[in-house]
Each structure stands twice: as structure tokens, then as C-alpha cells.
Amino acid sequence: MANNNSNSPTGPHFLFVTFPAQGHINPSLELAKRLAGTISGARVTFAASISAYNRRMFSTENVPETLIFATYSDGHDDGFKSSAYSDKSRQDATGNFMSEMRRRGKETLTELIEDNRKQNRPFTCVVYTILLTWVAELAREFHLPSALLWVQPVTVFSIFYHYFNGYEDAISEMANTPSSSIKLPSLPLLTVRDIPSFIVSSNVYAFLLPAFREQIDSLKEEINPKILINTFQELEPEAMSSVPDNFKIVPVGPLLTLRTDFSSRGEYIEWLDTKADSSVLYVSFGTLAVLSKKQLVELCKALIQSRRPFLWVITDKSYRNKEDEQEKEEDCISSFREELDEIGMVVSWCDQFRVLNHRSIGCFVTHCGWNSTLESLVSGVPVVAFPQWNDQMMNAKLLEDCWKTGVRVMEKKEEEGVVVVDSEEIRRCIEEVMEDKAEEFRGNATRWKDLAAEAVREGGSSFNHLKAFVDEHM
């Protein structure tokens, strides 16, 4: 069925294919580095879209010699820019993008697989991220084993699995009744605030739900599908057992570069150096989430009224939309800029892991993207959880209720239907993390930091799981 490495004198050759989003690229590249750098004889070809490469979404420097890079076309090599405003036009634009990526991606990756075979460097296993089921199809066409790299917590994988396997009606009913809850096998009690937003029919991105159904159905076509997950055994032990045994769950995280040498400097680091230990709020909502103008105003008010020093990262998201389509986030806060600059610092980019490991950081106000969530745990930093969409809702619940490293903001729906967290609520959460329960939250965060470090070092749970996965392809 599959290429057996016994016929290849050079060891296993893994093909990694990642969806063109930062939350997929970062953990994929880290896993590729670990395979190429720590597993004897393993080689990796890391394939990202041409658009991701052109936007410099990852670095090709300082990688093992056995890791090489390749590209595939997603049909939008200059980047996908949507001019969609309505839900219908947004759905159509995204659908067209996914269809074109499937068509062009299959063409270019087919060439890559065939070229490597001709040069006697055949791939022996394909690893792909969420939303790329066509890569699994391509692997089957070439009789190659494949593994899904799930870049969210195993708890979220379990929710999607159960939704599509017997619990769809129950979860949908719960999602439409705000006061109700549901208990899925081996998972904590869930409310509508906790489930991935794609499952809620009223959510503007609910049209993406079929892509996750396709993902689960694709896995079921395999006899014993393997799912590599960016988590570690000690973090989600109950959720590991919530999926049927024929789905082989392989926790290999946290897939972060656990650096201890922070030689990089910048103006923001010099600014942090002047602040007292655990005194600074670090605020970041990632590279995708765009806050409404009303929400930005409330956040500005909260930061100004708290009078605590803060470092706020507002990334440039203009590449996602056509020019002048909407007011930039930085422009939205211009009327508050003078007051903000008196207390804190607003930057367009920072080395987040470097910042989270700075002695001055006392709290991370985060959108709860999974990479950021893991970085908060690995750095031992308490959080104010401020989720926006998809898995971030569940990540926020895990941080607050299960791992107990912070608090989650309580949003409210205004008359016009807009969901906003007001400044008073943001301030309340900040004070709880920085003052009222600071010692408790930091103690819990430090515990997870130590467990994460143990998991990835030689002999740790994630190290051993990854080695066992590679051994299957030796």
C-alpha cells in the first residue's frame, strides 16, 4: 500500500503541507524542524503556499540540513484579498478560494511528488494541516500513508468528532438555547459560549462547518487514521480518551520553539526593561482577528483607566482586504493615542515568545488562538481570555475552568446585535489577574510551564510519541 522505507537507503522522507495561515504554519514548521533535527535519518520537505512564502510568513533560515522547502500554488500567489462584506459574498469568496486551492494545489504537489520519485528521493509519509483534505486524497492516490496535524487542542477535535457522529442535533439544540449545556464523553460541561463558533448556525462563519465535516469523513476513510496534535498528554488527559480507539491520537506538542537565548533586542524590549517585575499587560489579538471599532474604543478606555503599563500589538491586516475597505485598527484608536502613549506602548509587531518570557509581563490579554494559548502556558503567564471565534471559545474555557491560569471576559449583546465587552468588564478581569488572584494564577501557569518543558525533552511524553510515530516509517 505505502512506500516502505526499507527500499529507501536514506531513511524516511516526510512531506509536510500546511494551510496558508500563521496558526497552521508555525506549529507545522516547528514539528518539521524537530523531525529533521532530532530524529536520526529523517528528512523533511516543508511545502507552503507561494502566497505564504511571498508574504514571509515563515523563515527558511537556521533549520536542519535535512529540512528543505518547497511551494505549492493556492491559486492566489499574490495573496487572497476579499472585498466581501455580506455573509453571502464572504461565503462565496471563501468557497472560491478553497476550490481553487484544491485544484491548483493538487497540480503542483503532484509534480513535486513525481519529481522526488524520479530523483530517487520518494516521500514515505505525508503530514498535512486542517482544511487540506485534498492532500490526504492525493496521498491515497500515490499509496502514501498520511497523518493529519491538528493545530488546535484535542478537546476541540473531540467536539467536532462527536458533532458529526451522533451529537449534531443535541449540540445544535444547545447552541440555540443560551441557558442550556451539554456533556460530551470525557469532556467538561459545555455551553454555547464554549463550542467552536462554526457550529453555531447564527455565526457569520458557520458556512465553514462542512469543511470540518469533510475533514472527519476523510479520516474515517483510513483504517487507523493518525492525528498528530499540538498538545501534550499531561494537558488534556481526559480528552485524549474521548475519541474512539481506531483514531490514533498522537500528542506531540507544544510545538513551539522553546528558546532560552533571547539576544534579540528592540525598542519595545528596552521599554519593558524599565518596568517592574510582573507589572505590564501584554495585549495581542493575533494576525487574523479584527476588532470592531466599538470594541477597540472599549479596550482603549479600559487600558487608560487601569493606569497599568501595557504593550499592545496591532498587526497590519491590510493584506486581507482591498484598500480602503474598512478603517484600520490603528486609525480607530487615533483619538486615544496621546493618552495611550503616556501609559504604554503600541507596536505593529513583536517577538511574542520573547515578550511573554520577559520578567516585566504580568498578564496576557489574548484572543486565545491556540498558538498564543500554548505560549502563555509555556511562558508561565496568566491571561485575560478574550476569544473571538472558532476554537478560541473552547481555548478560553480551558484556560479559565480547567487549567485555571486566568479569567474570561463576559461579553454582552447590544441593541443592534453587536457583541461587545465593555471597558468595565475588561478592567475587572485585568484587576482579578493582576491583583486579586495573581499569586494563584501565576502558580498554576508555572506548573503548566514545567510540565510542558518535561513533555518535549528527551524521554518526555511528546518526545516519545513523536519518536514512535517516526519509527513506524523506518
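Here the Cβ of each residue, glycine as well, is placed from N, Cα and C on the backbone.
Listed in Swiss-Prot for this protein:
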BINDING   Thr287, 350-352, 367-375, 389-392  UDP-alpha-D-glucose binding site
Under 8 Å by Cβ from Asp391 (UDP-alpha-D-glucose binding site), same chain, sequence gap 6 or more: Gln152, Pro153, Val156, Pro196, Trp370
Gly369 (UDP-alpha-D-glucose binding site) CB neighbourhood, other CB atoms within 10 A: 26
Local Cβ density at Ser372 (UDP-alpha-D-glucose binding site) - other Cβ atoms counted within 10 Å: 22
Cβ neighbour count (within 10 Å, all chains shown) around Glu375 (UDP-alpha-D-glucose binding site): 21
Thr287 (UDP-alpha-D-glucose binding site) CB neighbourhood, other CB atoms within 10 A: 19
Cβ packing number for Gln352 (UDP-alpha-D-glucose binding site), 10 Å threshold: 19
